[in-house]
Amino acid sequence: MFAMGDAFRNAGLIASPLITLLLGVICVYSQHMLLSGARELQRRTRSPVLPTFAETMELSFKTGPPKLHGFAKTVRLWINVFLCVTQMGFCSVYFVFISDNLKMVMDYYNAELDIHIHMTIILLPIMLSCWIRDLKYLVPLSLFANVAMTVGIAVTLYYISQELPAPSTREYIAPWTKIPLFFGTAIYSFEGIGLVLPLQNEMKQPEQFTRRFGVLNIGMTIVTCLLVIMGFLGYLKYGDNVQGSLTLNLPQQDM
């Protein structure tokens, strides 16, 4: 979310919101298709719980056309590989994000350390949190993270909405050669599809997840709107000087 200002710089003030909204719709549709397919496979196999992402693909091949049955286990393996690589990429970005912001704060207070030392400092607490596999035990950490994220978003929005320049000073539609860079960041921002199945499995009322005004639709609507707002205001405020994370553009003296 904090990288959307940099993403909007690569597509422009007009093109970026439109593409972001389109990506949001595609993402929600894909998540509903995944959940619908998982429920159908659960019905076919008479399983008490929804299959995982990889199991859904495996069962799709096993219960599909006979010519595809032999690829079932291979598909499951590749889905797990893709999920691991994807999540590793996301976690790497978060790791760098935390380290960069921690270094910025510490440098301001004259505690200057190499970025790799900051990475080492945060490694242990992050590893400990990764060992918690049951989502219900992550609730306290998730609650704290959500509160911190809300505060961070509110503070960032306050600063980037002050003394905005005229929109005409920014590119409305960036050159097409920069659009792929926008897609890279924007698609990364919609990275939750791997969590929809375990989240629904952990809910006391799973049917609330996929209703028209259920958890998935409302949550993704809020996320998409925030992405558009943060990206639009961030690029409008800082222009070509916008950083990979908007927090790095905030005035250090107010930290």
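Using the three backbone atoms N, Cα and C, a Cβ is placed for every residue, glycine included.
Note that TrEMBL annotation is computational and uncurated.
Residues annotated as domain 'Amino acid transporter transmembrane' in TrEMBL: 2-254.
Look at TrEMBL and you will find 12-35 (among others) tagged as transmembrane segment. Within the chain, the transmembrane segment (12-35) has long-range Cβ neighbours (under 8 A, six or more residues past its boundaries) at 4, 50, 53, 56, 167, 170-174, 179, 182-183, 186-187, 190, 192-193, 196-197, 200, 209-210, 216-217, 220-221, 223-224, 227-228, 231-232, 235-236.
Same-chain residues lying 6 or more positions outside the transmembrane segment (77-95) and placing a CB less than 8 Å from one of its CB atoms are 53-54, 57-58, 119, 122, 126, 188, 191, 194. Residues or ranges marked as transmembrane segment by TrEMBL: 77-95 (among others).
Positions annotated as transmembrane segment by TrEMBL: 115-132 (among others).
Look at TrEMBL and you will find 139-161 (among others) tagged as transmembrane segment.
Residues 1, 3-4, 6-8, 10-11, 15-16, 19-20, 23-24, 27, 30-31, 34-35, 38, 49-53, 56, 83, 86-87, 89-90, 93, 135, 174, 209-210, 215-216, 223, 227 of the same chain, all 6+ positions outside the transmembrane segment (181-201), place their C-beta atoms under 8 angstroms from a C-beta of that stretch. TrEMBL lists 181-201 (among others) with the feature transmembrane segment.
Annotation source TrEMBL lists transmembrane segment at 213-236 (among others). Note on the transmembrane segment (213-236): residues 1-2, 4-9, 13, 16-17, 20-21, 24, 27-28, 31-32, 35, 153, 156-157, 160-161, 164-165, 167, 170, 186, 189-190, 196, 199, 203, 242, 246, 249 of its chain, located 6 or more positions outside it, place their CB under 8 angstroms from a CB of the stretch.
The list of residues near the transmembrane segment (139-161) in space but at least 6 beyond its ends in sequence, with Cβ under 8 angstroms from a Cβ of it, reads 1-2, 5, 129, 132, 226, 229-230, 233-234, 237-238, 246-247, 249-251, 254. Outside the transmembrane segment (115-132) by six or more residues, the chain places 95-96, 98-100, 102-103, 106, 138, 141 with a CB less than 8 A from a CB of the stretch.
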